[in-house]
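Lifted from TrEMBL, the feature list:
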type	residues	note
DOMAIN	41-169	domain 'SCP'
SIGNAL	1-17	signal peptide
């Protein structure tokens, strides 16, 4: 019985340890990181990285919107620096959250990198890719963001978008595949068939 109890305790301990690791955020970021501490650097980093991803997915560039920025700032302003709640505001806009990234560009890239998990052939909302789909949503024209230093957890970034994305039934039109991706994702056997066909046509000339 003692051995069984020990094994059960070990499994429970291991499970708890794994759960803790899943919610750990990166090390604290210096409070003077320019892309966070300087307003012009912050807005430029957000816009440049956001529009880079949008261009890659055939979406037009977004503009900075002070109303959206104010909403994000007010939401963060209601939190104390030692009690930053990582959860959505429930507001009327599209919204992306990030915490603990080394700089503002990294926060946006974290959202954009979710595209590696997104299935463009079965489009729709998924929690693991919702930041990405909002980021490149074609109908979105405006963005406004705010940031807050949350003690050892680093900088907390909140971005608001309008018109909001992640609208059910509109993904096929609003979330475009990255240019060139379709060719790279062709089946190897199909690529071989295409290559042989082209070669045969060339030899017949």
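Any Cβ shown, glycine's included, is placed from N, Cα and C.
Just so you know, TrEMBL annotations never went through curation; they're auto-generated.
Mean pLDDT, taken over the domain 'SCP' (41-169), works out to 96 on the 0 to 100 scale. For the domain 'SCP' (41-169), the DSSP-based tally of helix, strand and coil residues reads 51 helix, 24 strand, 54 coil.
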